[in-house]
Amino acid sequence: MAHVGSRKRSRSRSRSRGRGSEKRKKKSRKDTSRNCSASTSQGRKASTAPGAEASPSPCITERSKQKARRRTRSSSSSSSSSSSSSSSSSSSSSSSSSDGRKKRGKYKDKRRKKKKKRKKLKKKGKEKAEAQQVEALPGPSLDQWHRSAGEEEDGPVLTDEQKSRIQAMKPMTKEEWDARQSIIRKVVDPETGRTRLIKGDGEVLEEIVTKERHREINKQATRGDCLAFQMRAGLLP
């Protein structure tokens, strides 16, 4: 409680001191104004007296000081306003320069697009002109066609093997293929003398025979193999 009371007293003292200082300031201002008025009146009387020299009063000096302060404040405010105006002008100039760059970029893009369109149109025109020239060229006459047909007819006659190859190159139906593969034929090897059963294009089949027939086939095959080897080696006269 004692601490609280001391705090309240200190606060009240500080408040009373502040009020006293404010009152003193007001009194000093009033005194200065009175002194200034008295000095001005005395200066006027002295100026009216002959041979008196005019001395500057303290009020005049204070007023001149106040005027100088006001001038400095006005000059500082004018300088701040000029700086703000210069910054605004610089920002406006930068914005105008950026707008000018954007406009130039757009103009350049438009020019490029126009050039591309012109090139495409030129290419299309050239292609059309070339196609028309090709169509306008005269084709082969009837005489030339007859001559070429006669030359083809006068060529060599195709053999059976060539015809069979040409037929083999043609596409076959499933029925034709099945019929061709179902054919079984005996083929004799001229060098060895062996006979084989071949189905279709080249499938080799095994023939079921008796033992005696198998022996005869082996004898013929060995004889044929020997003769073929001797012919290749040049042993036969």
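Each residue, glycine too, has its Cβ placed from N, Cα and C.
Marked as compositional bias 'Basic residues' by Swiss-Prot: 1-29 (among others).
Residues or ranges marked as compositional bias 'Polar residues' by Swiss-Prot: 34-45.
Annotation source Swiss-Prot lists compositional bias 'Low complexity' at 74-98.
Sequence annotations record features per position, and here Swiss-Prot assigns compositional bias 'Basic residues' to 101-126 (among others).
Marked as SUMO2 cross-link by Swiss-Prot on the basis of a large-scale study or a structure entry: LYS199. In the three-state DSSP classification, LYS199 (SUMO2 cross-link) falls within a strand. Note: LYS199 (SUMO2 cross-link) has non-local neighbours GLN181, SER182, ILE183, ILE184, LEU205, i.e. same-chain residues 6+ apart with C-beta under 8 A of its own C-beta.
According to Swiss-Prot, the feature phosphoserine maps to SER55 (among others), an assignment based on a large-scale study or a structure entry.
The phosphoserine annotation in Swiss-Prot covers SER148 (among others).
If you look up Swiss-Prot, you'll see SER182 (among others) marked as phosphoserine, on the strength of a large-scale study or a structure entry. A 10 Å cutoff on Cβ-Cβ distances gives SER182 (phosphoserine) a total of 9 other Cβ atoms nearby, all chains included.
Marked as region 'Disordered' by Swiss-Prot: 1-161.
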Could you give me three numbers for the compositional bias 'Basic residues' (101-126), the DSSP helix, strand and coil residue counts? 26 helix, 0 strand, 0 coil
So, in DSSP terms, is SER182 (phosphoserine) helix, strand, or coil? coil
